[in-house]
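Working notes, structure below.
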Amino acid sequence: MTALTLSTAAAPGLRADAIVVGVAKGANGPVVAPGAEAVDKAYGGSLAGVLETLGAAGAEGEVTKLPAPAGFKAPLVVAVGLGAEPEKDSGYGAEALRKAAGAAARTLAGAKKAAFALPVLDASDVGAIGEGVLLGAYSFDAYKNTAPAKSGDKAKNGKAPLAEAALLGAKPRDKEHKAALERATAVAEELNRARDLINMPPNDLNPEAFAAIAQTAAKEHGLKVQVLDVKALEKGGYGGILGVGAGSASGPRLVKLSYTSGKAKKHLALVGKGITYDSGGISLKPAGHNETMKCDMSGAAAVFAAVVAAARLGLEVNVTGWLALAENMPSGSATRPGDVLRMYSGKTVEVLNTDAEGRLVLADALWAASEEKPDAIVDVATLTGAMMLALGSRTFGIMANDDAFRTAVHEAAEEVGEPAWPMPLPEHLRKGMDSPTADIANMGERMGGGLVAGLFLKEFVGEGIAWAHLDIAGPAYNEGGPFGYTPKGGTGTAVRTLVRLAELTAAGDLG
Ligand code: BES
Ligand code: MN
Ligand code: ZN
């Protein structure tokens, strides 16, 4: 992981591989963003002009490299686009800074040290740049023989992530700046850990392995952890989780991770879908629809990361994470379409499609979470292809049993820079899940499939508990090229929203 420092050093004398500066889209061409005055001065005030000559416009995501001015210790200047220049006296905004820092950090793979001379108005900007650097520098190459053992390792041709980033313009002695850096580090490190879990191949990350990783992390961070294995799940009557895991040689698990603060007044429960591989089961997915299905545990990874981050930040709130882990496979012991499962809540479910498995494992975990009567429950799941069709691959859908709570979750997502959008839970879609045999079927109308899944989950939330459901099927896994601070593969979406929700709950501003 990249090491972050706050520095008051001046750019010219800095020993580094590169100096990163911001360039924005001005009314008459690119403009150099504040923070890079010393760099611009060393170019004789012509940096904007030089960048324009090189074809830079200041657009978001744009990266331009140029030789550093004479007299600089660092050999390279990297200019990153910040998008439109803001109105006078207002800042660039956290998300523009996060994205620019991320794009720069990604380009600087292989470098040992870079200084970031981006515009910093306040502590929130420091945090955003820090997060952007740590998230943008991420790469997953644990399975590549070309991966360098460490930064600067020339023996292999892979590039190690940027080793060190100094944030200029931030104040190393300022309490708020230091706190922002610490928060950014904890959140980004845990988010990157969620990405690692998502990217891990499913032959290595099965439910048992995931549970073991959670146990190790719990020990490290002083969390309480409880793992229900197949025997315990059978004893407890967790028919949903067992039914989904029945076809796999790797049995399912329900992991409960508890972070408790002595000063907590509220309790937030987080529930994550953790299908370590979704083949569809007997309702097998066709080729072309299963290559990325290792990502189907992204919800559980996000919950796991958020609980650990809450502990690292010492938030004054109790946070319980429930990881509903199973592998959805076809076999002679697999659940069949037509089987009826008796769920942990006591409800019976007719399984019409074994590929609608996420709602089954979540239903048991939601009911278990509800038994503790938390102030609110938020579940996170790569639940439906329908949500991807509705919102595309960068935005997650938010459903809830309470409009005000849904709005609060949406605002938290916006605040941290995670694209999300509110979706309804129309009651009329419930009758599509009526079953002639059981209390409910696991499938309903095809149209509005994401909302149907949300309505199913709602039936397993305890009376009177505020609940929101995040369907992250779109943004969980980036099949396209990297952008901003988002890499290819597992993205870690929802982690930052969950951490923000825990902070808001601690402050008494939620639930
Ligand atoms: N894990 C999938 C949803 C998914 C699709 C996630 C694409 C990420 C990318 C889920 O278990 C699933 O298969 N859902 C079905 C439900 C249907 C059978 C009612 C779907 O969306 O097609
Ligand atoms: Mn499925
Ligand atoms: Zn699934």
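Cβ atoms are placed via backbone N, Cα and C, with glycine included.
The number of other Cβ atoms within 10 Å of the Cβ belonging to K285 (active site), over all protein chains shown, comes to 15. Positions annotated as active site by TrEMBL: K285 (among others).
Annotation source TrEMBL lists active site at R359 (among others). Counting only same-chain residues six or more apart in sequence, the Cβ atoms lying under 8 angstroms from the Cβ of R359 (active site) belong to L383, N442, A453, F456, L457.
Look at TrEMBL and you will find K273, D278, D296, E357 tagged as Mn(2+) 2 binding site. Of all the Cβ atoms in the protein chains shown, 33 others lie within 10 Å of the Cβ of K273 (Mn(2+) 2 binding site).
Within the same chain, residues at least 6 positions away in sequence whose Cβ sits under 8 Å from that of D355 (Mn(2+) 1 binding site) are D278, G280, G281, S283, L284, K285, N328. For the recorded site, D355 (Mn(2+) 1 binding site), the DSSP three-state label reads coil. Residues or ranges marked as Mn(2+) 1 binding site in TrEMBL: D278, D355, E357.
Sequence-distant contacts of the domain 'Cytosol aminopeptidase' (353-360), counting only residues of its own chain at least 6 positions beyond either end whose CB sits under 8 Å from a CB of the stretch, comprise 240-241, 243-244, 247, 273, 275, 278, 280-285, 296, 326, 328, 330, 334-337, 341, 343, 381-383, 442-443, 453, 456-457. Under the heading domain 'Cytosol aminopeptidase', TrEMBL lists 353-360.
Highlighted here are the recorded positions (K273, D278, K285, R359) whose C-beta falls below 6 Å from ligand 1: D278, in sequence order. If you draw a 10 Å sphere around the CB of E357 (Mn(2+) 2 binding site), it holds 30 other CB atoms from the protein chains shown. The domain 'Cytosol aminopeptidase' (353-360) scores a mean pLDDT of 98 in the predicted structure. For ligand 2, the neighbouring recorded positions among D278, K285, D296, R359 are D278, by Cβ distance under 6 Å.
The recorded positions near ligand 3, defined by a Cβ under 6 Å from one of its atoms, are D278, D296, chosen from D278, K285, D296, D355, R359. D278 (Mn(2+) 2 binding site) is surrounded by 27 other CB atoms, counting those within 10 A of its CB over all protein chains shown. Annotation note: D278 (Mn(2+) 2 binding site) sits in a strand segment as assigned by DSSP.
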